[in-house]
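In what follows, a single structure is set out as structure tokens and then discussed.
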Amino acid sequence: MTDDASLDDDRAVPTVSCERCGREWDLDREIDGLDPGGHAVEQFAIDHERHTGHYPDDVTPWIARCERCPDGERFLAERPARRWARTHARHANHPVRLEAPRGDDDLVAPDGDRDGA
């Protein structure tokens with residue numbers, strides 16, 4: 001028979017570091033507070049950026065920036081970033097620049113044009 005508490009103590013706990021803050025965090029509390037598949041590292045990165053203005057080490061967001069108005073958002077995954085860009089382009093009739101963490105930028109145009117015209 002195994003002790004469930006000891007199993008919890010043996011699990012791998014993700015660690016996040018931030019050179020700018022000079023700190024490192026074990027995410028054991030974040031994992032305990034989230035449902036399975038709750039993406040503790042991603043949630044911690046989002047919270048860290050909200051409170052400090054920057055992301056932890058090794059986290060680079062997808063950035064969607066409207067080319068006509070000050071609207072824009074940051075995302076940790078491509079799918080929600082593209083959805084936001086398409087939705088803003090469609091509803092505001094503005095082209096949106098989608099900046100990938102690594103790789104080429106993309107322009108999402110209101111009418112599907114690649115150049116946003």
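If you go along the chain as it appears here, the first residue is 1 and each next one adds 1.
Each residue, glycine too, has its Cβ placed from N, Cα and C.
Just so you know, TrEMBL annotations never went through curation; they're auto-generated.
As annotated by TrEMBL, compositional bias 'Basic residues' applies to 85-94. Among the features that TrEMBL reports, region 'Disordered' is placed at 85-117. Marked as compositional bias 'Basic and acidic residues' by TrEMBL: 96-117.
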Sort out the residues at least 6 away from either end of the compositional bias 'Basic residues' (85-94), same chain, that have Cβ-Cβ distances under 8 Å to it, and list them.
64, 66-69, 71, 108-110
For the region 'Disordered' (85-117), what does DSSP give as the number of helix, strand and coil residues?
8 helix, 7 strand, 18 coil
